[in-house]
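Quick look at what TrEMBL lists:
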type	residues	note
ACT_SITE	His8	active site, tele-phosphohistidine intermediate
ACT_SITE	Glu76	active site, proton donor/acceptor
BINDING	Arg7, His8, Gly9, Glu10, Thr11, Arg12, Glu13, Asn14, Arg56	substrate binding site
Amino acid sequence: MDIIFIRHGETRENKRGVYGSSDTSLSQMGREQIFKAKEPIQSISFEKVYTSPLMRTMETAALLGLKGDLDKRIQEIDFGIFEGKTYEEIKRNYPEETYAWTNDYIYYRIPNGESLMDLYNRTSNFLEDIVSKDKNTLVITHEGVIRCALCWVFDNVEYFYRFKVNNGSLTTISVDEGYKYIKNVNK
């Protein structure tokens, strides 16, 4: 079975380099990215569609002519007090928290937010549910979730920063008789 991920198109916040799970819409470039992804998606066979409940993923689904089941487990990580800020702003405004975060990027829980391990656990839970249904599935979501899904293949969240997932791109993970493997990234 295949699990095909689509990262939502670019938002203004992506372009500014801010961290966040705020409910923002796609930029013009983001809409163009999704229009380009439409043709490759039409050649893919899938039986089920899931989408994050955030506006940018639902807008991506609508532009693709798809309607998916909303699932909060595939929502972007909650950045808490870092929400809506660039890394430079985070370092300047929260030096102690930045130090703690960069020295324990897996387990450090951002104040009023989540840790990477929180995101990984809910993503893994979602993926295990999908695998139990054994149907090709399309998932419209966020970079953090897709990176966690790629880590899930290796059962190792430490690989999180070894992946880059482009806006509007397709990434496919296959599961065959219990074996997980990556078919493609950023297609």
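Cβ from N, Cα, C; glycine included.
Keep in mind it's a predicted model, so treat the numbers as computed, not measured.
Close to the recorded substrate site, the chain also has Lys15, Thr24, Leu26, Ser27, Gly30, Asn167: residues not among Arg7, His8, Gly9, Glu10, Thr11, Arg12, Glu13, Asn14, Arg56 whose Cβ is within 8 Å of the site's Cβ mean position. Taking every pair among Arg7, His8, Gly9, Glu10, Thr11, Arg12, Glu13, Asn14, Arg56, the residues recorded as binding substrate, the greatest CA to CA distance is 15 Å. Between Arg56 (substrate binding site) and His8 (active site, tele-phosphohistidine intermediate), the C-alpha separation comes to 6 Å. Neighbour counts were taken as the number of other C-beta atoms within 10 angstroms of each residue's C-beta; across the recorded positions Glu13, Glu76, the minimum falls on Glu13.
Listed in sequence order, Leu26, Gly30, Ile34, Ser52, Leu54, Arg56, Thr57, Glu59, Thr60, Ile140, Thr141, His142, Asn167, Gly168 are the same-chain residues at least 6 apart in sequence whose CB falls under 8 Å from the CB of the residue listed as 'active site, tele-phosphohistidine intermediate'.
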